[in-house]
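Engineer: Before anything else, here's the structure in question.
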Amino acid sequence: MKSEYWYSLAGGAVIGLACTAYLFLLGRVAGISGMIGRVVSGRNIWPDAAFLAGLAAGPVVWSHATGDWPELSLSTPWYVLLPAGFLVGYGTRLGSGCTSGHGVMGLARLSPRSMVARPVSLHAKMRILSMPMSTLYMLISKFIYRIATFRAIQPIFMSLRNAAAFVCGLAFSVGLLLSGMANPATVRAFLDLAGDWNPSLVFVLGGAVTVAFAGLRLQKRLARPVLETSFQLPTARQIDAPLVAGSCLFGVGWGLSGFCPGPAVLSVFVGQWPSLVFVLGLLLGVATYEGGKRKRPQ
């Protein structure tokens, strides 16, 4: 087996460990799109914001550990990234999950909704990749975010819960970098079955789901999380139109860009400035969904 696949498997296992630790400590599913949704809507932003801060700080830790700043390859034009981000943001909120929520923790829980959501989004991604893409452009800039980042995150350590969430987010970030899933080129190569197919993501998902599956079996023996009073696991089991439609929109956006929410946020702090356009679209999509949700009768 190629060495890169071992890295993918190891990175996936780290992602699974991060998700499992988040569940054991705080009783929550580490779903990035849900975290972003709660932060955008302004409701109970902690410890979600702390996890996302850890995700953003991952490149700094990676550079100290390896001696190299992470390098990602992003070839999607900026004018595609904005609508792609919107589709991912709106789609993941409509479909109640992204790669981490449905793909890792959902499959590990053997959730019927996640077992429908993943194939739907994968099919949509592969369909969109079968269409021709336009120009490539040169990416520039190395974004060294060391002192400013750590100054910005100091207030979150006032709470042990937030500190735990930050460490889990940091581990999740390192797992993304180690596995290659943070790189849009790797994602697009996996989805392009007609081209030079790269199966790395199979190993990423396999490592993550295997570890999370084992963790969820252990979680059933716990009366409560370490730092919370109860577990907050998804209870919905209905396979409905919003789930399918949201997964499809997410798949189209992911196929266009090679980004899902976690890697997109990470990419900004690696210094891939064009990915900021995607994140703006992502936030707009999430805000549009959350705004519409408040207007709909309960």
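Every residue gets a Cβ built from N, Cα and C, even glycine.
So TrEMBL lists these for the protein:
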- 6-25: transmembrane segment (TRANSMEM)
- 45-65: transmembrane segment (TRANSMEM)
- 128-148: transmembrane segment (TRANSMEM)
- 160-181: transmembrane segment (TRANSMEM)
- 201-218: transmembrane segment (TRANSMEM)
- 239-259: transmembrane segment (TRANSMEM)
- 265-289: transmembrane segment (TRANSMEM)
Engineer: Please figure out which one of 6-25, 45-65, 160-181, 239-259 racks up the most CB pairs under 8 Å against the transmembrane segment (265-289).
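Structural biologist: Ranking 6-25, 45-65, 160-181, 239-259 by Cβ pairs under 8 Å to the transmembrane segment (265-289) puts 45-65 first.
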Engineer: Which stretch, 6-25, 160-181, 239-259, tops the Cβ pairs under 8 Å count with the transmembrane segment (45-65)?
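Structural biologist: Most contacts with the transmembrane segment (45-65): 160-181.
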